Amino acid sequence: MREKVAVIGAGSWGSVLANILVMNGHQVHIWSRRKEQIEELNEKHTNHHYLPDFTYDKRLVASDRMDEVLTDATTVLLAVPTKAMRTVVADVAHFLNDKQLKPVIVHASKGLELGTHKRISEIIEEEVAQENRAGVVALSGPSHAEEVAKKDITLVTAAAVDLKDAKKVQHLFMNNYFRVYTNTDIIGVELGAAFKNIIALGAGALHGLGYGDDAKAALMTRGLAEIARLGIALGADPLTFIGLSGVGDLIVTCTSVHSRNWRAGDQLGQGEALSDVIQNMGMVIEGLSTTKAAYELAMQQKIDMPITTAIYQVLYEGKNIKQAISDLMQREGRSE
Ligand SMILES: NC(=O)C1=CN([C@@H]2O[C@H](COP(=O)(O)OP(=O)(O)OC[C@H]3O[C@@H](n4cnc5c(N)ncnc54)[C@H](OP(=O)(O)O)[C@@H]3O)[C@@H](O)[C@H]2O)C=CC1
Ligand SMILES: O=C(CO)COP(=O)(O)O
């Protein structure tokens, strides 16, 4: 069935997901806050800042009018950086009133809110009254916009407390190159998605410093152990961490040159200043704030997270990366 979908956020990921939905036969309107980007999307069907070599389907309609984009939408897809999520969702909520259809709200973002440490689905549930929406779904997994744009094979998961909401999203996005699984452990899916970015910063840094594959495999394995420890303490199902949104996303983000988190780590490893890395990226590096949130949560929950702590010390306390690695290696020997 043809649906109307509102996509909020026209960066790399929101725009490519919107394009999938158009090609799957849906009517898709995408919201951006920038007029020049809207003109470019509507007239040239390009989005040069985010995906320079890609041409979008001509049927994708862009607008800066959130009310128009949301009118009659049966699904709303949010794809903005985590730090902007609460404000953007509050704006969306303003236009969802009980005269409209109650849309499923999907988000495709990966992070935790700074200060509150809340997951994105929790932010959405707080900001959009239950009577004005259907369920909340997290769409997550190993997926880079650059590869999905090229119709490379990608597998992700749609997670919701209620399986029927996850299935609706699965059905909406599935096609012959984008395969969607369902999962009812939204806590585990959102936490895996957020925490893997911390480890990706570390993997990039190892690369930048010239370390080999053994070191990277070690970081990914021990990184997964500690992010799963924290995730389980926060209510995740342990099995979720061996799924697409756990180890799957960890692998792609720790090994792909497309990953902004990996690239940021790589540049830090090569000695660039954090402020320059952020400025030059021009896109969101979610792992920076997620490291802070996870470090604080680990302290609160009394969970041992040596890698996250080391990355926190490098990012926020100015610790030398080589010293941080040396300190990790000199920790007392222990059982795996
Ligand atoms: N890129 C990818 O391959 C993937 C990304 N993700 C996740 O998706 C989320 C979005 O990432 P991505 O699309 O890559 O990010 P980008 O940096 O590419 O784009 C971010 C988008 O959000 C908009 N935005 C930023 N701040 C605000 C704000 N305060 N109010 C309104 N709009 C805002 C930007 O608008 P403007 O251009 O005007 O600044 C831009 O359209 C992240 O959580 C990321 O982890 C998940 C899977 C894959
Ligand atoms: O989440 C992603 C891949 O699954 C995107 O990673 P980056 O934000 O590091 O580019």
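Glycine too: its Cβ is placed from the backbone N, Cα and C atoms.
Curation plays no part in TrEMBL annotations; they are all automatic predictions.
Here TrEMBL flags 4-163 as domain 'Glycerol-3-phosphate dehydrogenase NAD-dependent N-terminal'.
The NAD(+) binding site feature in TrEMBL is assigned to Gly9, Ala10, Gly11, Ser12, Trp13, Gly14, Ala145, Arg260. On its own chain, Arg260 (NAD(+) binding site) has Met281, Met283, Val284, Ile285, Glu286 as residues at least 6 apart in sequence with a Cβ closer than 8 Å to its own Cβ.
All chains included, 25 other C-beta atoms sit within 10 angstroms of the C-beta of Trp13 (NAD(+) binding site). Under the DSSP three-state reduction, Trp13 (NAD(+) binding site) is assigned to helix. According to TrEMBL, the feature NADPH binding site maps to Ser12, Trp13, Arg33, Arg34, Tyr50, Lys110, Ala145, Arg260, Val284, Glu286.
Residue environment of Ser259 (sn-glycerol 3-phosphate binding site) contains 24 other Cβ atoms, counted within 10 Å of its Cβ in all protein chains. Look at TrEMBL and you will find Lys110, Gly141, Ser143, Lys196, Asp249, Ser259, Arg260, Asn261 tagged as sn-glycerol 3-phosphate binding site.
Annotation source TrEMBL lists substrate binding site at Lys110, Arg260, Asn261. For Lys110 (sn-glycerol 3-phosphate binding site), the same-chain residues 6+ apart in sequence whose C-beta sits under 8 angstroms from its C-beta are Thr82, Ser140, Glu190, Ala193, Ala194, Lys196, Asn197, Glu286, Thr290. In the three-state DSSP scheme, Lys110 (sn-glycerol 3-phosphate binding site) is classed as coil.
Residues annotated as domain 'Glycerol-3-phosphate dehydrogenase NAD-dependent C-terminal' in TrEMBL: 185-325. Residue counts of the domain 'Glycerol-3-phosphate dehydrogenase NAD-dependent C-terminal' (185-325) by helix, strand and coil are 112 helix, 0 strand, 29 coil (DSSP-based).
Annotated active site, proton acceptor per TrEMBL: Lys196, in sequence order.
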If you measure C-alpha to C-alpha, which of Tyr50, Gly141, Ser143, Asn261 (binding-site residues) come within 10 angstroms of Ser12 (NAD(+) binding site)?
Tyr50
With the Cβ under 6 Å from ligand 1 as the test, give me the qualifying entries from the binding-site residues Trp13, Lys196, Ser259, Arg260, Asn261.
Trp13
So which other residues, same chain and not among Lys110, Arg260, Asn261, have a Cβ within 8 Å of the centroid of the Cβ atoms at the substrate site?
Asn197, Ala200, Thr253, Ser259, Trp262, Val284, Ile285, Glu286, Gly287
Binding-site residues Arg33, Lys110, Arg260, Val284: those with Cβ under 6 Å from an atom of ligand 2 are Lys110, Arg260
